[in-house]
Amino acid sequence: MSKIPVMEIFGPTIQGEGMVIGQKTMFVRTAGCDYSCSWCDSSFTWDGSGKDLIKQMEAEEIWEELKRLGGDGFSFVTISGGNPALLKNLSYFVTLLKENNIQIGLETQGSKWQDWFLDIDQLTISPKPPSSGMDTNFEVLDRIIGRLSPSKTSLKVVVFDDKDYVYAKQVHLRYPDILFYLQVGNDDSKTINTASLVHHLLKKYEWLIDKTIEDPELKNIRVLPQLHTLIWGNKRGV
Ligand SMILES: C[S@@+](CC[C@H](N)C(=O)[O-])C[C@H]1O[C@@H](n2cnc3c(N)ncnc32)[C@H](O)[C@@H]1O
Ligand SMILES: Nc1nc2[nH]cc(C(=O)O)c2c(=O)[nH]1
Ligand code: SF4
Ligand SMILES: [Mg+2]
């Protein structure tokens, strides 16, 4: 008996962010976070507003639900949250996925280590810039990144403003051997007006691209939007 607090299970969809953008995947979103980013687009995982949706599930039950939703039409599962790295017992679920030949992605902010990180195929660490209101503990981050294989790891920093950009650059220059993504920040993650949101986010994407192009210090870097937001807006469960 080792239950995992699950907020939502959805898919198949595509990974909208980062190193495997476009990858067909299922999602498992766990509840609870040690951060409280001002602009978190998944704040229902930690701010109490989604508490009635939380289900305590065994690894086997999550796997059954994934198969119910995705049939045998998937080979990739992305674990996000909240912060899944709060959950030591996700190791059982990770092992179960591996036994079934499923590739695994993980989204986490780099504040906590778990030994099961070593079994993740695509691990995205997303340290938080000043606009989030959170502080990065770089000693913890150094230790986490030091234990991971660079070929399976990427860094992704969300940028809302110039200060965030400076922070992102600092992170990239600290870990130059880790694949690095700048991601457009969605500053209107509640609106249901997808057309105006998409227009606005594309403008912000252009702004971020322009800054990167003009910056000789950022060489080996990738700039991406949240692809799922451009397609589905702020809709949940996609
Ligand atoms: C909701 S978080 C969950 C995983 C983990 N807590 C983390 O932050 O990495 C998943 C990804 O969404 C990003 N994100 C959250 N809110 C966002 C927003 N308003 N605009 C752009 N990206 C956002 C986070 O930075 C993170 O990379
Ligand atoms: N399609 C899609 N791609 C995503 N990539 C990261 C997500 C997340 O919320 O962690 C996410 C999400 O919620 N949906
Ligand atoms: S760390 Fe991730 S889940 Fe937690 S508040 Fe920040 S963006 Fe949201
Ligand atoms: Mg998201």
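The backbone N, Cα and C atoms fix where each Cβ goes, and this holds for glycine too.
Listed in TrEMBL for this protein:
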type    : residues                                           : note
BINDING : ILE14, GLN15, GLY16, ARG29, SER80                  : substrate binding site
BINDING : CYS33, CYS37, CYS40                                : [4Fe-4S] cluster binding site
BINDING : TRP39, CYS40, ASP41, GLY82, SER126, PRO127, LYS128 : S-adenosyl-L-methionine binding site
BINDING : SER42                                              : Mg(2+) binding site
DOMAIN  : 20-234                                             : domain 'Radical SAM core'
Output: those binding-site residues from GLN15, CYS33, CYS37, SER42, SER80, GLY82 whose CB lies less than 6 Å from an atom of ligand 3, in sequence order; none if no residue fits.
CYS33, CYS37, SER42, GLY82
Counting distance between Cα atoms, which of the binding-site residues GLN15, TRP39, GLY82 is nearest CYS33 ([4Fe-4S] cluster binding site)?
GLY82
Within the predicted model, mean pLDDT of the domain 'Radical SAM core' (20-234):
98
Within the set CYS37, TRP39, GLY82, which binding-site residues show a CB-to-ligand 4 distance under 6 A?
none
Sparsest-packed among the binding-site residues, when each Cβ's other Cβ atoms within 10 Å are tallied, from GLY16, GLY82, PRO127:
GLY16
Which binding-site residues from the set ARG29, CYS33, CYS37, ASP41, LYS128 have a C-beta atom lying less than 6 Å away from ligand 2?
none
Could you check which of the binding-site residues (GLN15, GLY16, ARG29, CYS37) sits closest to PRO127 (S-adenosyl-L-methionine binding site), going Cα to Cα?
CYS37
Residues satisfying Cβ distance under 8 Å from SER80 (substrate binding site), sequence separation of at least 6:
PHE27, VAL28, ARG29, THR30, SER42, LEU106, GLU107
At the level of the C-alpha atoms, what whole-angstrom distance separates TRP39 (S-adenosyl-L-methionine binding site) and ILE14 (substrate binding site)?
22
Do any of the binding-site residues ILE14, GLY16, ARG29, TRP39, PRO127, LYS128 touch ligand 1, in the sense that the CB is under 6 Å from one of its atoms?
TRP39
Between ILE14 (substrate binding site) and ASP41 (S-adenosyl-L-methionine binding site), what is the CA-CA distance rounded to a whole number of Å?
17
